Ligand code: 5RP
């Protein structure tokens, strides 16, 4: 199976998991990236069975609207049962690195609100230890050099993602070679650097369910 077929299989598994639990008042939190896009396209087949969605990026909002799925402002949503999104890396504790698509901050906000965070990923994303994938950090533009120096003090090698501006008008530093021991501590430490908006470690709020696409089928990992 190709990586895209594995992504499609986990997207379908997420649809199969949540759709029976939705009703005409349900709003679904939707992530960003190629796996999330498969999810959107498959979820759209059931659009009569739920009210709408909250999007974690402008591109996701656009794709949802193209399918005729209403997109709500998170501030007007009082109950979000499910958030479904991909990841760049996941470990056995369902802690994640996200932000390869630069949408980490909005993804983290929607994940924080949702009662159940379902991560969908192909098997290549499962790792023993987080950090081979460079950790994305969203930074206020004027703080870029300051934050980069602080990240070097933490042992990382930050690289400015040239030409990328986030939906929030900020920039991304991708931190290579960072030793991620206890992920919640590293997440908090980076968030404490002045000028950091958020970082791509999802450890304080990990996924609740990881649907992993393998050549032998979709595996379900739970916390
Ligand atoms: C975007 C993300 C994505 O979930 C992550 O990059 C995985 O993307 P893909 O599903 O395309 O492999 O965090 O900011």
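Backbone N, Cα and C atoms are what each Cβ position is placed from, and that goes for glycine too.
These figures come from a predicted structure and were not determined experimentally.
Residues or ranges marked as active site, proton acceptor by TrEMBL: 107. The local packing around residue 107 (active site, proton acceptor), expressed as other Cβ atoms within 10 Å of its Cβ over all shown chains, amounts to 31. According to its DSSP assignment, residue 107 (active site, proton acceptor) is helical.
The annotation substrate binding site is assigned in TrEMBL to 32, 33, 34, 35, 85, 86, 87, 88, 98, 99, 100, 101, 125. Residues within less than 8 Å, Cβ to Cβ, of residue 85 (substrate binding site) and separated from it by at least 6 positions along the same chain comprise 29, 30, 31, 32, 33, 35, 36, 56, 98, 107, 110, 111, 117, 118, 119, 120.
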Entries of 85, 98, 125 (binding-site residues) sitting next to ligand 1, with Cβ under 6 Å as the cut-off: 85, 98
Same-chain residues at least 6 apart in sequence whose Cβ lies under 8 Å from residue 34 (substrate binding site): 4, 7, 86
Other same-chain residues whose Cβ falls within 8 Å of the Cβ centroid of 32, 33, 34, 35, 85, 86, 87, 88, 98, 99, 100, 101, 125, the recorded substrate site, in sequence order: 31, 36, 103, 107, 121
